[in-house]
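**Student:** Straight out of TrEMBL:
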type	residues	note
DOMAIN	19-170	domain 'Cupin type-1'
BINDING	ASN65, HIS70, GLU75	oxalate binding site
BINDING	HIS68, HIS70, GLU75, HIS116	Mn(2+) binding site
Amino acid sequence: NGKFCKDPRKVSPNDFFYTGLNVPRRTSNRLGVNVTLLTADSIPGLNTMGLSLGRVDLAANGGLNPPHHHPRASEIFYLIKGTLYVGFITANPTHRLFAKILTAGDVFVFPLGLIHFQWNIGSRQAVGFAILNSQNPGVVTTANTLFGAVPAVLSDVLAKAFQLDVATVEYLQQLPWQNP
(Lines of atoms letter the chains of each structure in order from A and count residues from 1; the text may use other names and numbers.)
(Lines give C-alpha, C1' and ligand atoms only; values in the text may rest on other atoms or scores of the structure.)
Protein backbone atom coordinates (compact mmCIF):
# COMPACT_ATOMS: atom_id res chain seq x y z
CA ASN A 1 0.00 0.00 0.00
CA GLY A 2 3.03 2.26 -0.16
CA LYS A 3 3.19 2.87 3.58
CA PHE A 4 6.50 2.48 5.32
CA CYS A 5 6.74 0.72 8.64
CA LYS A 6 7.39 3.04 11.54
CA ASP A 7 10.70 2.79 13.35
CA PRO A 8 9.89 0.32 16.19
CA ARG A 9 11.66 2.62 18.68
CA LYS A 10 9.12 5.36 17.88
CA VAL A 11 5.95 3.25 18.11
CA SER A 12 3.56 4.15 20.91
CA PRO A 13 0.20 2.84 22.17
CA ASN A 14 -1.48 5.69 20.27
CA ASP A 15 -0.43 4.04 16.99
CA PHE A 16 -2.92 1.27 17.83
CA PHE A 17 -5.73 3.44 19.21
CA TYR A 18 -8.71 5.45 17.99
CA THR A 19 -11.44 7.03 20.06
CA GLY A 20 -14.88 8.30 19.14
CA LEU A 21 -16.27 5.57 16.89
CA ASN A 22 -19.31 5.48 19.19
CA VAL A 23 -20.24 9.08 18.29
CA PRO A 24 -23.16 9.37 15.83
CA ARG A 25 -22.20 11.05 12.57
CA ARG A 26 -24.08 13.72 10.62
CA THR A 27 -26.23 12.30 7.80
CA SER A 28 -27.81 15.53 6.54
CA ASN A 29 -26.37 15.24 3.03
CA ARG A 30 -27.97 14.31 -0.30
CA LEU A 31 -27.65 10.58 0.32
CA GLY A 32 -28.27 10.55 4.07
CA VAL A 33 -25.08 8.62 4.85
CA ASN A 34 -21.82 9.14 6.64
CA VAL A 35 -19.00 6.60 6.47
CA THR A 36 -16.16 6.88 8.98
CA LEU A 37 -13.39 4.65 7.63
CA LEU A 38 -10.49 3.64 9.84
CA THR A 39 -7.47 2.50 7.84
CA ALA A 40 -3.70 2.57 8.35
CA ASP A 41 -3.98 6.33 7.73
CA SER A 42 -6.01 6.87 10.91
CA ILE A 43 -4.60 3.99 12.98
CA PRO A 44 -0.93 3.51 12.00
CA GLY A 45 -0.85 0.18 13.86
CA LEU A 46 -3.06 -1.28 11.10
CA ASN A 47 -0.16 -1.02 8.64
CA THR A 48 0.56 -4.53 7.28
CA MET A 49 -2.35 -6.03 9.28
CA GLY A 50 -4.74 -6.39 6.34
CA LEU A 51 -7.68 -4.90 8.25
CA SER A 52 -9.85 -1.80 8.27
CA LEU A 53 -13.13 -0.82 9.86
CA GLY A 54 -15.89 1.56 8.91
CA ARG A 55 -18.80 2.99 10.85
CA VAL A 56 -21.79 3.58 8.55
CA ASP A 57 -24.50 5.98 9.74
CA LEU A 58 -27.66 6.08 7.59
CA ALA A 59 -30.46 8.62 7.98
CA ALA A 60 -33.99 7.41 8.69
CA ASN A 61 -36.38 6.83 5.80
CA GLY A 62 -34.00 6.29 2.91
CA GLY A 63 -30.42 6.99 3.91
CA LEU A 64 -28.33 5.24 1.24
CA ASN A 65 -24.76 4.04 1.10
CA PRO A 66 -24.90 4.02 -2.71
CA PRO A 67 -23.75 1.23 -5.02
CA HIS A 68 -19.98 0.95 -4.70
CA HIS A 69 -17.22 -1.63 -4.56
CA HIS A 70 -13.90 -2.15 -2.82
CA PRO A 71 -11.25 -3.18 -5.33
CA ARG A 72 -8.94 -4.59 -2.66
CA ALA A 73 -11.26 -6.04 0.00
CA SER A 74 -14.14 -8.24 0.93
CA GLU A 75 -16.48 -6.83 3.57
CA ILE A 76 -18.55 -8.20 6.40
CA PHE A 77 -21.25 -5.78 7.51
CA TYR A 78 -22.68 -5.91 11.03
CA LEU A 79 -25.87 -3.91 11.72
CA ILE A 80 -26.16 -2.70 15.31
CA LYS A 81 -29.20 -0.42 14.97
CA GLY A 82 -32.05 0.00 12.48
CA THR A 83 -33.43 -1.84 9.45
CA LEU A 84 -31.55 -2.00 6.16
CA TYR A 85 -32.07 -3.46 2.71
CA VAL A 86 -28.62 -4.58 1.58
CA GLY A 87 -27.30 -6.44 -1.38
CA PHE A 88 -24.61 -7.11 -3.94
CA ILE A 89 -24.67 -7.94 -7.63
CA THR A 90 -22.53 -10.62 -9.22
CA ALA A 91 -20.30 -9.90 -12.21
CA ASN A 92 -20.81 -10.72 -15.88
CA PRO A 93 -22.58 -12.55 -17.32
CA THR A 94 -25.28 -13.23 -14.70
CA HIS A 95 -25.65 -9.92 -12.78
CA ARG A 96 -27.48 -11.80 -10.05
CA LEU A 97 -28.72 -9.76 -7.06
CA PHE A 98 -28.17 -11.23 -3.59
CA ALA A 99 -30.16 -9.09 -1.12
CA LYS A 100 -31.63 -9.28 2.39
CA ILE A 101 -33.40 -7.11 4.91
CA LEU A 102 -31.22 -6.76 8.01
CA THR A 103 -32.25 -5.84 11.53
CA ALA A 104 -30.04 -5.15 14.54
CA GLY A 105 -27.63 -8.02 15.15
CA ASP A 106 -27.63 -9.27 11.54
CA VAL A 107 -24.50 -9.71 9.42
CA PHE A 108 -24.11 -9.73 5.62
CA VAL A 109 -20.99 -10.46 3.53
CA PHE A 110 -20.02 -8.54 0.39
CA PRO A 111 -17.49 -10.46 -1.74
CA LEU A 112 -14.31 -8.85 -3.03
CA GLY A 113 -14.82 -6.31 -5.80
CA LEU A 114 -18.59 -6.72 -6.23
CA ILE A 115 -20.93 -3.72 -6.33
CA HIS A 116 -22.99 -3.51 -3.14
CA PHE A 117 -25.19 -1.08 -1.18
CA GLN A 118 -26.99 -0.45 2.11
CA TRP A 119 -30.36 1.37 2.20
CA ASN A 120 -32.21 2.38 5.35
CA ILE A 121 -35.83 1.27 4.95
CA GLY A 122 -36.66 2.02 8.57
CA SER A 123 -38.12 5.09 10.25
CA ARG A 124 -35.12 5.47 12.59
CA GLN A 125 -31.43 6.10 11.99
CA ALA A 126 -29.39 2.97 11.25
CA VAL A 127 -25.81 2.27 12.28
CA GLY A 128 -23.58 -0.55 11.15
CA PHE A 129 -19.94 -1.52 11.03
CA ALA A 130 -18.08 -2.66 7.94
CA ILE A 131 -15.06 -4.86 8.57
CA LEU A 132 -12.77 -5.14 5.55
CA ASN A 133 -9.87 -7.51 4.94
CA SER A 134 -7.47 -4.85 3.70
CA GLN A 135 -5.69 -1.97 5.39
CA ASN A 136 -6.37 -0.01 2.18
CA PRO A 137 -9.64 -1.37 0.72
CA GLY A 138 -10.36 1.54 -1.61
CA VAL A 139 -13.86 2.55 -2.58
CA VAL A 140 -15.30 3.18 -6.02
CA THR A 141 -18.76 4.77 -5.84
CA THR A 142 -20.36 3.71 -9.12
CA ALA A 143 -22.52 6.72 -10.06
CA ASN A 144 -19.96 9.26 -8.81
CA THR A 145 -17.22 7.58 -10.82
CA LEU A 146 -19.16 7.47 -14.07
CA PHE A 147 -21.15 10.71 -13.96
CA GLY A 148 -18.75 12.81 -11.88
CA ALA A 149 -15.48 12.04 -13.68
CA VAL A 150 -13.09 14.93 -14.38
CA PRO A 151 -12.75 15.44 -17.23
CA ALA A 152 -16.23 14.12 -18.02
CA VAL A 153 -16.74 10.83 -19.80
CA LEU A 154 -18.20 11.55 -23.23
CA SER A 155 -21.96 11.83 -22.78
CA ASP A 156 -22.52 9.67 -25.89
CA VAL A 157 -20.60 6.83 -24.22
CA LEU A 158 -22.69 6.98 -21.04
CA ALA A 159 -25.93 7.48 -22.98
CA LYS A 160 -25.32 4.31 -24.95
CA ALA A 161 -24.06 2.32 -21.93
CA PHE A 162 -27.06 3.24 -19.78
CA GLN A 163 -29.56 3.46 -22.65
CA LEU A 164 -30.36 7.08 -21.79
CA ASP A 165 -30.68 10.15 -23.95
CA VAL A 166 -27.67 12.49 -24.07
CA ALA A 167 -29.60 15.32 -22.35
CA THR A 168 -30.25 13.11 -19.31
CA VAL A 169 -26.58 12.12 -19.13
CA GLU A 170 -25.49 15.75 -19.39
CA TYR A 171 -27.92 16.66 -16.61
CA LEU A 172 -26.48 13.89 -14.41
CA GLN A 173 -22.94 15.02 -15.15
CA GLN A 174 -23.77 18.50 -13.83
CA LEU A 175 -24.87 17.23 -10.39
CA PRO A 176 -22.47 17.86 -7.47
CA TRP A 177 -21.06 14.33 -7.22
CA GLN A 178 -19.18 13.63 -4.03
CA ASN A 179 -18.29 10.62 -1.98
CA PRO A 180 -20.45 9.90 1.07
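Just so it is clear, glycine is given a Cβ too, placed from its N, Cα and C backbone atoms.
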**Student:** Report, as a single number, how many Cβ atoms besides its own are within 10 Å of the Cβ of ASN65 (oxalate binding site).
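**Tutor:** Taking all protein chains shown, ASN65 (oxalate binding site) has 28 Cβ neighbours within 10 Å.
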**Student:** Report, in whole Å, the straight Cα-to-Cα distance of GLU75 (oxalate binding site) from HIS68 (Mn(2+) binding site).
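**Tutor:** So the alpha carbons of HIS68 (Mn(2+) binding site) and GLU75 (oxalate binding site) sit roughly 12 Å from each other.
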**Student:** Including all protein chains displayed, how many Cβ atoms other than that of GLU75 (oxalate binding site) lie within 10 Å of its Cβ?
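**Tutor:** By my count, 22.
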**Student:** Between HIS70 (oxalate binding site) and HIS116 (Mn(2+) binding site), how far is it from one CA atom to the other, in Å?
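**Tutor:** Distance between the two Cα atoms comes out at 9 Å.
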**Student:** Round to the nearest Å and give the CA-to-CA distance linking ASN65 (oxalate binding site) with HIS116 (Mn(2+) binding site).
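**Tutor:** Cα-Cα, rounded: 9 Å.
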**Student:** Restricting to the chain of HIS116 (Mn(2+) binding site) and a gap of 6 or more, list residues whose Cβ falls under 8 Å of its Cβ, or answer none.
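**Tutor:** The answer is PRO67, HIS68, HIS69, GLU75, VAL86, GLY87, PHE88, ILE89, PHE110.
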**Student:** A 10 Å Cβ contact count, applied to the binding-site residues HIS68, HIS70: which residue has the minimum?
**Tutor:** HIS68
**Student:** Hey, for the oxalate site built from ASN65, HIS70, GLU75, who else sits with CB inside 8 A of the CB center?
**Tutor:** GLY54, HIS68, HIS69, ALA73, PHE77, PHE110, HIS116, ALA130, LEU132, PRO137, VAL139
**Student:** With an 8 Å cut-off on Cβ distance to the HIS68, HIS70, GLU75, HIS116 Cβ center, who else from the chain surrounds the Mn(2+) site?
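**Tutor:** Not counting the recorded site residues, we get HIS69, ALA73, PHE88, PHE110, LEU114, ILE115, ALA130, PRO137, VAL139.
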